[in-house]
Each structure stands twice: as structure tokens, then as C-alpha cells.
Ligand SMILES: NC(=O)C1=CN([C@@H]2O[C@H](COP(=O)(O)OP(=O)(O)OC[C@H]3O[C@@H](n4cnc5c(N)ncnc54)[C@H](OP(=O)(O)O)[C@@H]3O)[C@@H](O)[C@H]2O)C=CC1
Ligand SMILES: O=C(O)C1=N[C@H](C(=O)O)C[C@H](O)C1
């Protein structure tokens with residue numbers, strides 16, 4: 001728990017990255033937050049605990065985020081995670097670490113943009129009405145993972161909603177396929193990843209049934225789109241022990 005009326009002490013991991021820089025600027029502009037540690041590749045994680053950070057925000061890479069998270073939980077520091085790469089197996093490991101530190105809060109959000117959160121909620125609601133569904137995500141070419149964390153989570157949510165509604169597999173007669181032409185299959189849903197200069201983060205969910213389609217599209221044109229969600233998570237996590245996945249419950 002944080003002291004009443006004192007700013008929340010925040011450390012940022014991946015502070016020199018595209019998201020990390022934006023997060024540091026945003027924290028510096030917020031009166032109720034204090035940026036106490038900026039940590040990037042090669043820096044010592046203990047800079048965060050030495051600076052008495054109450055919350056660490058992680059925007060690093062999928063290959064290092066689990067070690068960072070484990071370290072923070074062990075130190076009793078709450079964490080807001082934007083880094084992608086969270087499979088159900090990884091989430092189970094985070095839960096097992098939190099079992100030993102029940103006072104610590106962790107928020108892991110595949111996408112901090114409010115519009116993207118709503119797009120995922122709308123997709124969950126629409127899923128049971130449409131036999132066909134495919135996800136097309138589009139990102140800047142410096143992104144190291146594909147499909148995006150947002151697309152993975154959307155596919156999982158839609159897959160669960162379809163299963164609950166008793167929908168079978170998505171209809172598709174393809175027999176003769178150049179490898180990759182039909183995208184990756186995640187929880188039974190085809191996901192297509194596009195990478196291009198000029199893009200930031202975009203996703204379309206295409207639903208289809210007899211004689212009609214529904215397209216749900218979200219576009220982040222600028223990384224400032226993620227900042228209200230990051231701030232919401234930082235302010236919430238100090239009073240929210242345990243694991244929170246996505247921003248849905250915080251909105
Ligand atoms: N949830 C959300 O809303 C969003 C999530 N993301 C996700 O956030 C992550 C970061 O994205 P982005 O900022 O574009 O990526 P960047 O590559 O620009 O930033 C990552 C930063 O982390 C640094 N880094 C690497 N290893 C470590 C480490 N062990 N400790 C501390 N810092 C480290 C990198 O350093 P170096 O370059 O030297 O390796 C780099 O500066 C990605 O997984 C992305 O998918 C992005 C946008 C929104
Ligand atoms: O790498 C990015 O840029 C983004 N990563 C997240 C993801 O993988 O879904 C969120 C957003 O799409 C931007």
C-alpha cells in the first residue's frame with residue numbers, strides 16, 4: 001500500500017525503448033507519480049529497489065520480461081507489464097510466484113489503448129453470432145514478435161466464446177496452400193501479421209455469417225494512445241494485490 005498523498009514511486013524497465021521513453025515522459029508530467037528509476041539493457045535491476053520503487057513498469061522484450069517480473073515480485077514491488085509474449089503457461093508461472101507474495105500486485109495488459117480494450121470486449125460479444133472470424137494485425141517493422149500480444153489475446157477470447165456457444169471449427173475448404181498463406185492458427189482462429197513502415201499498431205477482427213460481415217478495427221496512430229491505460233494501471237496496482245490480466249476490470 002502506498003502512503004496517502006505521497007506520489008507513487010515508479011521505476012521503468014526498458015526506459016530507453018519506444019514505449020519506455022513515452023512512459024517516462026508521461027510519469028514526469030503526472031503530479032501523483034515520481035519517476036525514481038530508469039533501467040534499460042545492461043543496467044542493474046537493483047536500481048529500482050535501491051530507489052524504493054513501489055511500482056515497476058516493464059516495456060522490454062518477451063525474452064527478458066519473465067526474469068524481470070520474477071525479480072520484482074521477489075522484492076515485493078508491484079508491476080505493470082506491457083511487454084508481449086504472455087502465454088497461459090507464463091501466466092500460470094506468474095500466479096505461482098504471487099502465491100508466495102500475496103501482497104504484491106501485477107497488471108499484465110496486452111494492450112493499454114482504451115479502444116483496443118473495447119475492441120477485444122466487442123469481439124468477445126460478437127463471437128457467438130458468426131461462423132467465420134479472422135484477425136489481421138498490422139505493426140511497425142521493428143516489432144520482434146508475431147503475432148502481436150493483442151492478436152494472441154483476441155484469438156484466445158474469441159476461441160473461448162466460440163467453444164462456450166458450441167460453435168465448431170471456422171469453415172475453410174483450403175486444401176492446397178502455400179505455407180503461411182492462411183496465417184497462423186491460434187486457438188482455432190486464423191491470425192495474419194502485417195509489418196510495414198508507417199504503421200504503429202492496428203488490428204481488424206473480421207466476422208462473417210450468411211450474407212453479412214462485421215469488421216471491428218482499432219488503430220493506434222501514436223504511442224500516446226497507450227498512456228492513459230498505463231497511468232490507470234500504475235494507480236490501480238498499488239492497491240490491487242494478485243494478478244490482473246487486461247484493463248477491462250480497471251476501466
Ligand atoms: N501493452 C501495450 O499496450 C503495448 C505493448 N508493447 C510491447 O512492449 C514491448 C516493448 O515495445 P517497444 O518499446 O516498442 O520496444 P523497444 O525495443 O523500443 O524497447 C525495449 C527496450 O527494452 C530494453 N531491454 C532489453 N532487455 C532489457 C532488460 N533485460 N532490462 C531492461 N531493458 C531491456 C531494450 O534495449 P535494447 O534495444 O538495447 O535491447 C529497449 O530499449 C514489446 O513487447 C511490445 O510488444 C508495445 C506497445 C504497447
Ligand atoms: O510492439 C508494439 O508496438 C505493440 N505491441 C503490443 C502487442 O504485441 O499487441 C501492443 C500494441 O499492439 C503495440
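Note: Cβ is positioned from N, Cα and C throughout, glycine not excepted.
The annotation domain 'Dihydrodipicolinate reductase N-terminal' is assigned in TrEMBL to 8-112.
Under the three-state DSSP scheme, residue 14 (NAD(+) binding site) falls in the coil class. Residues or ranges marked as NAD(+) binding site by TrEMBL: 14, 15, 16, 17, 18, 19, 40, 82, 83, 84, 109, 110, 111, 112.
For 115-251, the entry in TrEMBL reads domain 'Dihydrodipicolinate reductase C-terminal'. Broken down with DSSP, the domain 'Dihydrodipicolinate reductase C-terminal' (115-251) shows 47 helix, 40 strand, 50 coil.
Under the heading active site, proton donor/acceptor, TrEMBL lists 139. Within the same chain, residues at least six positions away from residue 139 (active site, proton donor/acceptor) with a Cβ under 8 Å of its Cβ are 148, 193, 194, 195, 199, 200, 201, 202.
Neighbour density for residue 149 ((S)-2,3,4,5-tetrahydrodipicolinate binding site): within 10 A of its CB lie 20 other CB atoms from the protein chains shown. Here TrEMBL flags 140, 149, 150 as (S)-2,3,4,5-tetrahydrodipicolinate binding site.
The feature active site, proton donor is assigned by TrEMBL to 143.
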Chain-mates of 140, 149, 150 with C-beta within 8 Å of site centroid, (S)-2,3,4,5-tetrahydrodipicolinate: 84, 110, 111, 137, 139, 143, 145, 148, 151, 201, 203
Averaged pLDDT score, the domain 'Dihydrodipicolinate reductase N-terminal' (8-112): 97
Secondary structure content of the domain 'Dihydrodipicolinate reductase N-terminal' (8-112), with strand meaning DSSP E or B: 40 helix, 25 strand, 40 coil
